[in-house]
């Protein structure tokens, strides 16, 4: 790869943005199923598995119901993925000495720094997305168990959020606006309202990046023809991204469950309130058992694998470099 590709931040931001938009469009329905499965409690299960969740969602909310919250993701995934991928490359470049190969420790350190950078965007994006994705589950829960009335458990009353989730009479999914939720959170909680669950997000994204980026780098290197010809076919970049992404996703799945529970503002009447990460972990372990920490793990692997596979193909093919006129596509 040419030197300008290694240090061209604008090109890397373009690559990350394009990869994020394409990837999210492809896998968002699976991500919605993951969120709803993770928020289910024992004894209040509406969905049996991913396919059951998607089928029931389409039946009750229509086809576009499986894309509920996608607008938030598509809007913010460009800076989120761009920051993540560009930051990793930046820190790898800073940690390298005279082009020498990085040690595994330095690769993990670069991934750690990238994970810390991305939460600036990831936390509010996930916060808004989860509220919209989980609305249908609460409505479905009330249809099956009418005695379970969703309540707002975030400390203080929110008119907009209460109206968005109102299911007291004739349960139905009400359209929610991410902008309305944002305004209400800023009004009632300030900027920290959008960063609810920041600690859990860091707890998920930093280990993910620490596992993913070094693993991808080593898998990707296996596809090189020889040391004299280090180029790698684009399909190998895709497979490396998929495999590294799925392994890292499953590894941090317990952290993702905790993050999802903490960021869900609207809960059923019998669903617990969590005071923080430790309290959330303790209550899930005590009331639902250790298996609850792997809820939605397969869905998350199915989301992350193609998402990062697509991201790495766009990245290594050099779409951003091509658009900026640096070079032509690098299909091999």
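A Cβ is built for glycine as well, from the same backbone N, Cα and C atoms used for every other residue.
Feature annotation from TrEMBL assigns repeat 'Solcar' to 7-94 (among others).
Residues or ranges marked as repeat 'Solcar' by TrEMBL: 102-222 (among others).
According to TrEMBL, the repeat 'Solcar' annotation covers 232-321 (among others).
Sequence annotations record features per position, and here TrEMBL assigns transmembrane segment to 13-33 (among others). With a threshold of 8 Å between CB atoms, the same-chain residues lying at least 6 positions outside the transmembrane segment (13-33) that come near it are 47, 50, 53-54, 57, 66-70, 73-74, 77-86, 133, 296, 299, 302-303, 306-308, 310-315, 318-320, 323-324.
Using a Cβ-Cβ cut-off under 8 Å and counting only residues 6 or more beyond its ends in the same chain, the transmembrane segment (235-258) has close neighbours at 38, 200, 203-204, 207-209, 211-212, 215-216, 219-220, 222-223, 277, 280-281, 284, 292-297, 300-313, 315-317. The transmembrane segment annotation in TrEMBL covers 235-258 (among others).
Residues annotated as transmembrane segment in TrEMBL: 301-326 (among others).
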Remote residues contacting the transmembrane segment (301-326) - C-beta distance under 8 A, at least 6 residues beyond either end: 1-2, 4-5, 8, 10-16, 18-20, 22-24, 26-27, 30-31, 34, 50, 81, 85, 212, 216, 220, 232, 234, 237-246, 248-250
Number of helical, extended and coil residues in the repeat 'Solcar' (232-321), per DSSP: 70 helix, 2 strand, 18 coil
